[in-house]
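Annotated features in TrEMBL:
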REGION    B:1-20  region 'Disordered'
COMPBIAS  B:7-20  compositional bias 'Low complexity'
TRANSMEM  B:30-52  transmembrane segment
DOMAIN    B:81-287  domain 'ABC transmembrane type-1'
TRANSMEM  B:85-106  transmembrane segment
TRANSMEM  B:118-138  transmembrane segment
TRANSMEM  B:158-183  transmembrane segment
TRANSMEM  B:215-238  transmembrane segment
TRANSMEM  B:268-290  transmembrane segment
């Protein structure tokens with residue numbers, strides 16, 4: 001803090017003499033106290049709900065301490081189907097969003113740089129538009145179907161994407177919602193490698209475009225693709241608004257559905273889904289830190 | 001295979017293959033553009049058209065009209081919109097102040113591990129919204145929550161299912177979000193500035209008033225806007241927690257969408273959505289230029 005003191009033309013032999021040092025030493029102490037209060041309050045605010053909700057699931061007046069609630073989850077009705085649906089939707093979303101975004105970003109890097117502003121706008125809009133308004137638009141389109149499309153071949157398509165067992169319409173929505181996150185992590189990954197040289201070298205050696213894509217570009221982007229996929233997975237596993245309003249029983253919708261009948265179970269599932277999401281995001285940030293270290 | 005590896009684009013002598021890789025790469029972006037036009041463009045157009053359309057229940061005909069929008073800005077509907085804006089504003093201001101203090105405490109700390117763990121936890125908690133957040137808080141401070149029972153908060157009139165209850169819960173993802181925005185910006189505050197101010201006789205307050213806060217202003221304002229946007233758009237947490245006891249525009253849209261409106265007024269959900277988009281867009285119009293200015297700190 002007092003690093004500049006040696007320059008000062010002080011008359012005393014020792015600049016850290018008691019008299020001038022009184023204010024520098026009291027300020028750090030006050031700041032340390034202040035810092036402790038802030039950090040302590042934050043710790044209480046962020047940790048207590050975790051601990052309390054865990055206590056809520058394992059303790060009851062009648063039964064005392066028991067972990068039985070967590071055992072119930074696996075056998076609870078609707079858990080397996082809703083979880084499988086969410087995982088399938090997540091897998092489809094990840095595949096589609098990567099297949100759409102990666103070629104577009106490569107195109108921008110390899111020459112069509114005029115498209116960059118367009119992509120930036122496309123990948124920012126989903127952040128600005130609240131998801132609930134997006135659902136409103138989607139459900140309007142789906143409602144228009146019977147009025148305008150009943151006699152055209154689009155009608156069959158519209159019915160097909162609303163299939164209960166695998167609602168493609170949710171994949172469409174989730175891809176749009178995931179675009180900003182996927183775009184950012186892939187763009188950061190591409191910035192770290194010299195795409196043009198890699199592509200030109202591979203093409204000069206006679207590699208086909210699919211070969212370039214799968215054997216050159218994708219291996220070099222492994223960690224960026226992994227982080228994009230993790231973010232998309234976390235997004236789909238936690239997404240409630242779109243699925244609930246379009247009437248599909250995904251995992252978060254299921255948690256709300258059971259909360260009426262079994263509050264303890266819904267809290268236990270919430271904690272579990274939190275832990276899963278955190279694990280995903282911690283792996284993600286761990287991978288990011290490792291990448292930074294190696295550079 | 002006469003492909004030349006050159007750095008500069010637009011070389012006339014480039015072989016056809018090399019040229020194609022460079023200037024003709026835009027078709028690779030077509031699928032993304034087409035998908036966005038389909039999956040985002042069509043709903044957006046439908047939303048805007050629908051918001052300006054009124055359907056007569058008797059004759060089953062539709063007509064262009066602004067009556068949906070007018071109705072969405074009156075009475076009960078306006079009240080929900082105002083209430084949502086108020087909630088978001090309170091969350092944004094409170095979250096920005098508390099988040100900035102936490103960020104300051106972390107940045108000035110000598111312990112490297114504390115800083116790392118707070119940043120990691122913030123990254124995780126900032127993404128922690130939706131249904132699980134609501135149930136964690138219901139279990140803690142809800143009517144039969146652990147703390148409510150243990151401390152007898154119910155007798156003091158405490159209820160989580162109110163405006164201020166929602167504020168308390170929304171802080172849980174807002175403060176970490178603010179920390180993530182502020183820590184990189186605060187790292188940019190050079191200790192020399194503080195020393196220079198101190199040596200010139202400035203008090204701590206004067207230092208912050210004339211040096212610290214002006215330098216941090218873009219990040220502070222940008223973070224506040226970000227918090228406003230995330231609180232404004234939040235639906236899942238509010239739905240899972242309060243049901244409909246707190247009037248919020250997102251809850252109102254959901255009710256209108258699932259049929260809780262008068263016949264002939266179905267499009268009110270679309271008009272409310274349009275109102276929301278206008279508010280969000282206005283707020284983001286403040287944020288985006290700021291974000292560009294401070295993005296060199298952010299990542």
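Every residue, even glycine, has its Cβ placed from backbone N, Cα and C.
As the structure is a computational prediction, the values presented were derived from the model and not from experiment.
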Beyond the flanks of the transmembrane segment (B:118-138) by at least 6 residues, Cβ under 8 Å: 102, 106, 145, 160, 168-169, 172-173, 176-177, 179-180, 183, 230, 234, 236-241
Leading contact stretch, B:85-106, B:158-183, B:215-238, B:268-290 vs the transmembrane segment (B:30-52) - CB distance under 8 Å: B:268-290
For the transmembrane segment (B:268-290), sequence-distant contacts whose Cβ falls under 8 Å of one of its Cβ atoms, 6 or more beyond its ends: 47-48, 50-51, 68-69, 71-73, 77, 80-81, 84-85, 218, 221-222, 225-226, 228-229, 232-233, 249-250, 252-253, 256-257, 261
Close approaches to the transmembrane segment (B:85-106) from elsewhere in its chain (Cβ under 8 angstroms; 6 or more beyond its ends): 114-115, 118-119, 163, 166-167, 170-171, 174-179, 181-183, 186, 216, 220, 223-225, 227-229, 231-232, 246, 248, 279
